Ligand code: MN
């Protein structure tokens, strides 16, 4: 594992004398150490910056040091921010302004002008905020007392997002076959995506995958079958069919690992030489943190891999999902999401079952797949679309429920949810924004994280919440169109 950390850069100036500067440095170090105990990544105190040169130097280092995932700034004292222009101008890493204060309370007896000069984040952070606003520098602003749970939680979430940014900027996606014929929303400009998001999206022949599958040893399959047995319940006697999925999984993983890929796509229209569409194989790969998109949907595949990294322990509960069908009964209006096979078991409410059923699509043998219900809880669905000249990230708040019906003849994993603000308005908003039928559904990553990610990446973000109306969304999209045209 590569070392990952965040840098704490504290602004000041020479005006206050060495004693104050020593105090600031000591406190900043203490804060970084204390915070690091509760954050997902260490926050490392770097410098109490007093000059343009110091700031420029630390930002240069942050840019070229791969272990630095982002920079957190704070101004304990007043730091004249023209000193920050050159450093912020070149900063390429995610940037968070933590507007906080060392002390929680104003001390009644102790407060005098010396105290005021030392503890002046209330105006220091405003001067610091101005320059980033003036420079239109993308940043996250988190305000509050540094020991408060809410502040630590938001800083933690932003760190996870920054980890998703670093991951995105080095992400490689392996495509087997093209997009499904005639489908529009899964298309996209791979050059634009690489420029904006860093993704290297390239294709490998299905024939090479079949060759790799044929070279898999029985012993390797035995080992993976043991993993399947310990992770899942077997609801089939058809060992050979399950073994074939294991063969597919091993081969796909070998090819991805050899090329440094963390996400892949395939299509049922291009399975030449394969006996089954990968089902269980793909699901178990997703459980290990690989992204996947069906029907050649490399965008959703990449987003899934990124969102997994942005979740708990860098492999959160995020699944490739497809809106399938609705329950439109008054007081029980739900979306039913699934896929023809490939739903990630990270979102399962209970231990998934391995089942074998025929597949009507793709003209191949009955594949093994994991069948389960999604868990209950608040979640989001996310779709990245190519608007022609720019990317739009659409995020909708949803609430997942235990599926209200057992659906005993449905041979795939399923998740049921209520869209915000309700099924009809939520659907009208989604369609108005152009959201895809494929999404990443996540219980782990928040809408705030997705917004932060989009901000850092410099792409449009649209959020459908409990308060969104079609009218307000239409106005937002109209204005966004103009703004993003100017932006290019
Ligand atoms: Mn699909």
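Using the three backbone atoms N, Cα and C, a Cβ is placed for every residue, glycine included.
Worth saying up front: this structure is predicted, and the values here are computed from it rather than measured.
For the Mn(2+) site, TrEMBL records 295, 339, 438, and the single candidate of 314, 322, 460 listed with them is 322.
Listed in chain order, the extra residues whose Cβ falls within 8 Å of the Cβ center of the Mn(2+) site residues 295, 322, 339, 438 are 293, 294, 297, 300, 320, 321, 340, 342, 437. DSSP classifies residue 295 (Mn(2+) binding site) as helix under the three-state reduction.
Taken together, the residues of the domain 'L-arabinose isomerase N-terminal' (5-166) have an average pLDDT of 97. Among the listed binding-site residues, namely 295, 322, the Cβ with the most fellow Cβ atoms inside 10 Å is that of 295. According to DSSP, residue 339 (Mn(2+) binding site) is assigned to coil rather than to any helix or strand.
Sorting the domain 'L-arabinose isomerase central' (172-312) by DSSP state (H, G, I as helix; E, B as strand; all else coil) yields 76 helix, 18 strand, 47 coil. If you draw a 10 Å sphere around the CB of residue 438 (Mn(2+) binding site), it holds 25 other CB atoms from the protein chains shown.
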